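Feature annotations, reproduced from TrEMBL:
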type: SITE; residues: CYS161; note: site 'Transition state stabilizer'
type: ACT_SITE; residues: ASP241; note: active site, proton donor
Amino acid sequence: MENYTFFKAIDYSDCKLKVLDQIKLPFTKEYISIHNTEDAWHCIKNMQVRGAPAIALVGCLALAVEIKNSPTIVDIKAYVRNKMNYLVSARPTAVNIHKAREELSDKLSNWHENIEEKVIQWCEGLLALDINHNISIGQIGSQEIISLLSNDEEANVLTTCNTGSLATAGYGTALGVIRSLYSRGKLKCAYYTETRPYNQGMRLTSFEFNQDKIPGTLICDNMVGLLFKTTKICAVVVGADRVAANGDTANKIGTLQIAILAKYFNVPFFVAAPFTSIDLDTKSGKEIRIEERPSKELLQCPCSKKEFLASEDTNVWNPAFDITPSELITGGIITESKLFKFPFTFTSLNSSNV
């Protein structure tokens with residue numbers, strides 16, 4: 001395991017949960033206390049926490065906090081299932097919290113004693129599991145990219161949105177691959193898009209790169225084609241909110257156009273995600289529900305929520321995600337266990353930690 005000390009976007013100990021308010025980054029580091037699943041739902045819905053792994057973690061840990069601080073719960077199994085259904089409704093595209101709900105429901109069917117304690121332990125175990133998975137993803141992905149380089153070459157890579165410690169328990173998925181490249185001395189520069197309209201690349205990825213002194217360069221979303229034309233980019237590596245059984249991948253809006261450009265310029269395109277992001281029950285991207293966000297998120301500055309950049313009555317279409325067809329994922333899908341190559345056939349993994 002590579003040595004890496006990460007800041008905590010999710011701060012949990014002794015059944016107390018605080019999350020870093022990502023709306024206020026990079027100018028203010030402020031933690032929000034989460035006391036129950038309702039707090040978590042609003043935190044997720046308002047994008048104060050985002051990233052599919054982090055959404056699942058915050059939801060499950062909030063459930064643990066609520067159970068710990070609740071008086072007698074008459075029917076703990078029904079209580080947990082109802083709360084998980086509620087949490088899933090906050091942001092429907094991200095699959096990890098759906099997977100957590102399903103796995104926890106299966107376990108509840110087999111637990112008959114000390115159920116409250118077991119639920120809390122299971123939720124708490126997700127933190128360490130996610131970090132270990134991310135480090136494995138980083139190692140597998142960086143090794144694959146290094147194999148594409150000449151002996152003394154260092155890689156220029158491109159990513160989008162934010163897939164690091166702010167989107168996970170720590171280290172990150174696509175940013176984990178970049179961190180691993182950097183720790184191995186094989187990263188020349190990590191280019192990253194601003195990622196409109198919420199500017200997760202500009203606000204959050206730049207924050208992480210500055211924290212870790214990773215060589216990075218911010219570009220506008222509409223500069224990707226020129227970047228490919230003028231700079232040797234060795235690989236594109238992005239995260240995923242949901243991967244269908246055929247490899248079609250839902251990720252932050254703008255990912256599809258990067259994949260199309262990467263194909264045109266013959267740049268390997270990788271998706272980095274834990275196996276919990278792979279939805280074997282969804283046959284293709286056509287079945288993935290795409291969340292649409294409020295129009296104000298496009299019309300306003302994402303940090304201030306006050307300054308309008310266009311008239312309030314402007315007609316807006318604001319999907320949060322797009323679907324990249326599997327055939328455009330030319331480098332492969334990097335998971336914690338292996339690199340999958342197109343055409344994708346996934347074998348189920350046991351992600352249980354209890």
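Placed from the backbone N, Cα and C atoms, the Cβ positions cover glycine too.
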Cβ neighbours within the same chain of CYS161 (site 'Transition state stabilizer') - under 8 Å, at least six residues apart: THR193, THR195, GLN200, GLY201, THR205, VAL238, GLY239, ASN251, LYS252, GLY254, THR255
Collapsed DSSP category at ASP241 (active site, proton donor): coil
Listed in sequence order, residues with CB under 8 A of ASP241 (active site, proton donor) and six or more positions away: ALA52, THR93, ALA94, VAL95, ALA250, ASN251, LYS252, SER277, PHE321
